[in-house]
Amino acid sequence: MQWYVVAALLTVLTSSQGILTTLSQSNGSYKYDYATVPFLAEVFKLLVSSILLRRECLQSPPPLMTTEWKSVRLYPIPSIIYLIHNNVQFATLTYVDTSTYQIMGNLKIVTTAVLFRLFLRRKLSNLQWMAIFLLAIGTTTSQVKGCGEASCDSLFSSPIPGYMLGVLSACLSALAGIYTEFLLKKNNDTLYWQNVQLYTFGAIFNMARLIMDDFRGGFEEGPWWQRLFNGYNIITWLVVLNLGSTGLLVSWLMKYADNIVKVYSTSMAMLLTMILSIILFSFKPTLQLFLGIIVCIMSLHMYFAPANMLVDLPVPVKTAPEDLVEVSVDRKTDI
């Protein structure tokens, strides 16, 4: 499968994630424990990867699978980084409002590119660097509300710790993605075996979060496994399947493409979500949204288009071959 097909699917699924989550609410609140959704999504990804791995193992030759502990012990690290990142997110939201947090979240586009260059040693051209900065500017522009609104004033009025935590959150998000790409590409193991390891630890850490929530709440609603499916309906299950499928597509892109492709997919998904919100939720489009979409499309073209489509390269002029002149050489021999 071509990477751009997977990237397009990721864009569609990511954009529908927010819409499905909104539709799963009842009177503005969740009737289910939202912390159970990531856990069930990890279990879903683990089951799908296990089934695909088993199918590969029945083929000949069998797939490559590194089972040494020094390799397996690296796979909990992305889950640990994401766990820290989630806690930093909550801490950031105590200092800044939601609009400011969303705008600051676009820093992860730039931090991903920087870590992509530093840790993976992947070189980007000047045009690609310009495209990445344009993408960050475009997504930020689409999220900025009208200057007459109160949220516009709050963008630069948050406490300094809020901005520092926002930068830390962007760095952690980028680091988790870059490390996952390194992990998936460091050897020729089959992707399904690598996914099994990633999602096993992901499920364990998400289950640990549910247990911690039980202790914080004093087990008022009983242990987590008794309320696991409380309040679930068809839309809630679609949220779980969507989140799980998105994770599987991301791991495929990490293995066979790179983090920059994933960044573009998720950024375009955000814009697509805004467009769909206009149709489904009577969201009022703004000039900033249209300008942001135009800038992001320009960025997409600049990053992935061949250089000869962006810059007028001089056409090499072939010089006509000179006429060959026959030269006769008299050779005299001494007798």
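The chain as shown is numbered from 1 upward.
Glycine too: its Cβ is placed from the backbone N, Cα and C atoms.
Record features (TrEMBL):
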type	residues	note
SIGNAL	1-18	signal peptide
TRANSMEM	34-53	transmembrane segment
TRANSMEM	74-95	transmembrane segment
TRANSMEM	101-120	transmembrane segment
TRANSMEM	127-144	transmembrane segment
TRANSMEM	164-184	transmembrane segment
TRANSMEM	196-212	transmembrane segment
TRANSMEM	232-254	transmembrane segment
TRANSMEM	261-283	transmembrane segment
TRANSMEM	289-311	transmembrane segment
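Taking every listed stretch (74-95, 127-144, 164-184, 196-212, 232-254) in turn, the largest tally of C-beta pairs under 8 A with the transmembrane segment (101-120) is reached by 164-184.
Between the transmembrane segment (164-184) and the stretches 127-144, 232-254, 261-283, it is 232-254 that has the most C-beta pairs under 8 angstroms.
Same-chain residues lying 6+ beyond the ends of the transmembrane segment (261-283) with a Cβ under 8 Å from its Cβ atoms: 3, 7-8, 10-16, 18-19, 22, 108-109, 112-113, 132, 135, 138-139, 142, 177, 250, 253-254, 289, 292-293, 296, 300, 303. Under 8 Å from some Cβ of the transmembrane segment (127-144) lie the Cβ atoms of residues 99, 102-103, 106-107, 109-110, 113, 152, 155, 260, 263-264, 267, 270-271, 274, 288-289, 291-296, 298-300, 302-303, 307, 310-311, all in the same chain and six or more residues away from its ends.
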